[in-house]
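Everything on this sheet refers to the single structure shown next.
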C-alpha cells in the first residue's frame, strides 16, 4: 500500500491539511509582492534637469517659463529628461520664437522629479536615470540572481536537511533582509539585501509546495496546487492596494517584509514531512507527526494504533530501493528521470522568460501602474478557474500544454495590433500573462508529482534554476527590440509554444499516487510500456483474426 493510503486512513483531506495548507500559502501570497515590488519602488517618474547652479529661478516668477528657458523639449513636446541648455534661452518665452543650435549639456546639477504619484523611489533617491538608468535593471537582475542561487542552495539543502528547516530559515532571512533594505541608505547595500531576499523566494516556494504535496492525499493535491496559484494572484492584488496606500518606497518595502517575522514564529509549529523522515530512517519522529495529524483530524484512535511496523507496512515496498545520498546526476542517471528532467528544463525556462518579459515593466503600457498591476492580478482568477477544472477532469499534461501554446499565440498575435490601440494591446498582454501564470502554477504541481520523493526537492530546485535563467534572459531578450521590434514578441511567443510541445512528452499524473523512489518510478514506466505493448499486440492479433475470418467467409 502507498503512503497516501495511510494519510486517507488518518482523515484524508481533514482539518490538519486545511490549516497546514493555509499557513503555508499565506506567506506565498506576500512573495508575489516582493517579486513585482520594483514596479513601484523603482518606478521612473517624469523628470528633467535641474537649472544651472549659477542661475536662480527667482529671476522669473513663473516656474513654467523658467523650465522652458533652461530645458529643451523632446519630439513629443515634453521636457528633455537628460539635457539642458548651458545658458537660459529667454527668447523661447516668446511663443513665436524658436532657437536652433543652442548649446546643451548633461544634467550637471541633478534632476527635478515629478512627485505627484511617487513621493520617493530608488530612482529618485540615487538618480538612476539617463547614464545611470541601467543600474535600475541591475538591481532587479541581482534579485533574480538571488532567486537562482536560492533554487540551487535550498533545493539541495531541503533533500538533505528536510523541508521545514530551510523554510523556517527563509522566513527569518526575508524578514531581516527586507527590513535592512528599507533601512540602509546606499545603493550597493540595497542590491546586496535584494539578492538575499531573492534567495528566500526559492526557499519558501519550493519547500512550501513540497510540504503541501507530501502531506496531502492524492485527491487533494490538485486543489492544493491551484490554491498556491490563487495565493500569488491575491498577492498581486495586495501589492497594488498596499503600493497605492503607501507611496514612499522605504515604508512600502518594510510593509511587505515585516509580516514574515510572524510567519517565522508560527512556522515552528509546522511538522516536518513524514515522507522525508521515513526516507531518512527517522521513523519514530514520523510516527509522532502522523499521530498529531490523526488527532487534529479527529482520528486519534487510528493514530494511537500506529507503530513503526504499521507505518513500515505502508511504505516498505516504496522505500525498499531508496538511496542514502543523492546528487544532481540522479536527475539524468536513469531513462525515465532523464526524460522528465530534459522536458521540464525547456518548460520552466520558456515559461519564466515569457512570463517576466510581460509582467516586470508595467510602465511600458502607458496606463496607471496601479490599474495595470490589479488587472494583471485579476486576470489570473478566471484563467486559474479554467486550469483547476481541466487539471481535475482532463489532466495536468493537457492543461499545461494548452495554456503555454495559447499564451504563445496571443503574444505573437499582439504584434499585429496597431500601436495606437494601447488599451487592446494591454488587455491582450494581460490575457497572455494570465495563461502563463496559470501554466506556471500548474507546472509547479506537475513537477512535484513527476519526481519521486527521494529526489523531489532536488528536481524542483533544478527546474527552478532553469526558470530563474529564463527570468534573467527576459530583459536581455527585451533589448533586442532596439534591433527590431518584432524580435521580443516572436522570441517570447515561440519559446512558449515550444514549451507547450515539450509538455506533451511527459507522463500524466492525474489521480496517480506519488512515487517515492527512483527505482519505483522506473518500474512504473516499464510496467506502463509492457501494458501498452501487450494491448497493441492483442489489438494486432484481433485484427489478424478478424482478417482471417473475413477471408474464410469470402472463400
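From the backbone N, Cα and C atoms, a Cβ is placed for every residue, glycine too.
Per TrEMBL, transmembrane segment is recorded for 18-37 (among others). Sequence-distant neighbours of the transmembrane segment (18-37) (same chain, 6+ residues past either end, Cβ-Cβ under 8 Å): 171, 174, 178, 197, 201, 204-205, 208, 211-212, 215-216, 224, 227-228, 231-236, 238-239, 242, 252-253, 256-257, 259-260, 263, 266-267, 270, 296, 359-360, 373.
As annotated by TrEMBL, domain 'Major facilitator superfamily (MFS) profile' applies to 94-511.
The transmembrane segment annotation in TrEMBL covers 142-161 (among others). Panel annotation: around the transmembrane segment (142-161), residues 38, 170, 191, 194-203, 206-207, 210, 326, 356, 455-458, 460-462, 464-465, 467-469, 471-472 of the same chain, lying at least six beyond its termini, place a Cβ under 8 Å from a Cβ of the stretch.
The feature transmembrane segment is assigned by TrEMBL to 167-185 (among others).
Here the transmembrane segment (192-213) has long-range neighbours at 20-21, 24-25, 27-28, 31, 34-35, 139, 142-151, 153-155, 158, 163-164, 166-167, 169-171, 173-174, 177-178, 180-181, 184, 221, 224-225, 228, 257, 270, 273, 444-445, 448-449, 456-457, 460-461, 464, 468, 514, meaning same-chain residues at least 6 beyond its ends whose C-beta is under 8 angstroms from one of its own. The feature transmembrane segment is assigned by TrEMBL to 192-213 (among others).
If you look up TrEMBL, you'll see 225-246 (among others) marked as transmembrane segment.
Marked as transmembrane segment by TrEMBL: 251-269 (among others). Sequence-distant contacts of the transmembrane segment (251-269), counting only residues of its own chain at least 6 positions beyond either end whose CB sits under 8 Å from a CB of the stretch, comprise 23, 26-27, 30, 33-34, 37, 40-41, 164, 167-168, 171-172, 174-175, 177-179, 181-182, 197, 239, 242-243.
Here TrEMBL flags 336-358 (among others) as transmembrane segment. Long-range neighbours of the transmembrane segment (336-358) within the same chain, counting only residues 6 or more positions beyond its ends whose Cβ lies under 8 Å from a Cβ of the stretch, are 144, 330, 400, 404, 407-408, 411, 429, 432-433, 436-437, 439-440, 443, 447, 450-451, 455, 459, 462-464, 466-471, 473-474, 477-478, 488, 491-493, 495-496, 498-499, 502-503, 505-507, 518, 521-522, 524-525.
The transmembrane segment feature in TrEMBL is assigned to 370-394 (among others).
TrEMBL lists 400-417 (among others) with the feature transmembrane segment.
Here the transmembrane segment (429-447) has Cβ contacts under 8 Å with residues 205, 209, 213, 221-222, 224-226, 228-229, 232-233, 344, 347-348, 351-352, 354-355, 358-359, 365, 372, 375-376, 379-380, 382-384, 386-387, 391, 396-397, 399-400, 403-404, 406-407, 410-411, 414, 459-460, 463, 496, 503, 506, 509 of the same chain, all six or more residues outside its ends. The feature transmembrane segment is assigned by TrEMBL to 429-447 (among others).
Positions annotated as transmembrane segment by TrEMBL: 486-506 (among others).
The annotation compositional bias 'Basic and acidic residues' is assigned in TrEMBL to 525-535.
The feature region 'Disordered' is assigned by TrEMBL to 525-555.
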